[in-house]
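Student: Take a look at the following structure, please.
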Amino acid sequence: MYDILPPELWIKIVDYSGEINLLLTSINFFELFNLVDVKVNVIEYIIENELIDVLKHIVVLKNLKHPIMGKNIISIESLNKCLLDSCNKGQLKIVQHLINIGANIESNNNYAVLLASGGGHLEVVKYLVSQGANIKSKNNRVVGWASQHGRLEVVKYLVSLGADIRSNDDYAVRWASEHGHLEVAKYLVSLGADIRSKYYYILCGASQNGYLEIIKYIVSLGADIRAYNNCAVKWASQCGHIDIVKYLASQGADIRNDNDYCVGLASKNGHIEVVKYLVSQGADIKTYNDHAVKVASKK
């Protein structure tokens, strides 16, 4: 097809249409990138359309130090952006080719390995590590991110490389618990993670988000359910998690703490079943000058 018309005409056709599809159909057409005036981001277009063979060809050209690679048709900014997107999606082959072309795995504080870890893409994580990615950057944020997203196998791998699960005030177990990832939380605790970190924020976060099994597990370890001024039952009441409110109350949480603040929060947010339960347990809806009644009447 390339030989049907002289290169000059192909260049005019591409410049007029603004489309680069044609240039990606053969080696001869690809050479015309030196001569055309297109506004399309080449590497992003290639990645979005998963044109693996084109990526392979670019790797070959780079290794050969072909003149076309010096024409800025592919910027380092585009490479790095596409690398992050591919790591997030777990596209190992694309990640490998992008790095071979020149994408920087350490850009944005090793954000590539963080995204791959959060996405649970273990093979991508392993490859990035083999290429020098730093799993301990930003105070071991990578293992915390994997924990937050419930990626147990990734967490185990990172730990095997020396990731510090206790950094950042036990960030890993706090976020695993707050997001309901029980198996990750158990694993981290087995390695020494402290459930009491940050005034039992684990318990409060799990209560706020409605993760009863996490709460039961933490309580089984001896957590103080009244910690941080009974924040757990307050947040559960505020968010309408009736089963958690009942469980915490059964374990000794003070539902009347702060002048019946729980019933006020439940009323404010329209959680009638929680309000009924709290009242049945002795909560006074008239506390704070009928605050609960006034707030509920405004909804």
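Using N, Cα and C of the backbone, Cβ positions are placed for all residues, glycine too.
Checked Swiss-Prot, it gives:
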REPEAT    78-107  repeat 'ANK 1'
REPEAT    108-137  repeat 'ANK 2'
REPEAT    139-167  repeat 'ANK 3'
REPEAT    168-197  repeat 'ANK 4'
REPEAT    199-227  repeat 'ANK 5'
REPEAT    228-257  repeat 'ANK 6'
REPEAT    258-287  repeat 'ANK 7'
Student: For the repeat 'ANK 4' (168-197), what's the mean pLDDT in this predicted model?
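Tutor: Summing pLDDT over the repeat 'ANK 4' (168-197) and dividing by its length gives 96.
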Student: So how many of the residues in the repeat 'ANK 2' (108-137) end up helix, strand or coil by DSSP?
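Tutor: Computed counts for the repeat 'ANK 2' (108-137) are 21 helix, 0 strand, 9 coil.
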Student: Provide the three-state DSSP residue tally for the repeat 'ANK 3' (139-167): helix first, then strand, then coil.
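Tutor: Once the DSSP states are binned, the repeat 'ANK 3' (139-167) shows 20 helix, 0 strand, 9 coil.
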Student: With DSSP, how much of the repeat 'ANK 5' (199-227) is helix, how much strand and how much coil, in residues?
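Tutor: Across the repeat 'ANK 5' (199-227), the residues distribute as 21 helix, 0 strand, 8 coil.
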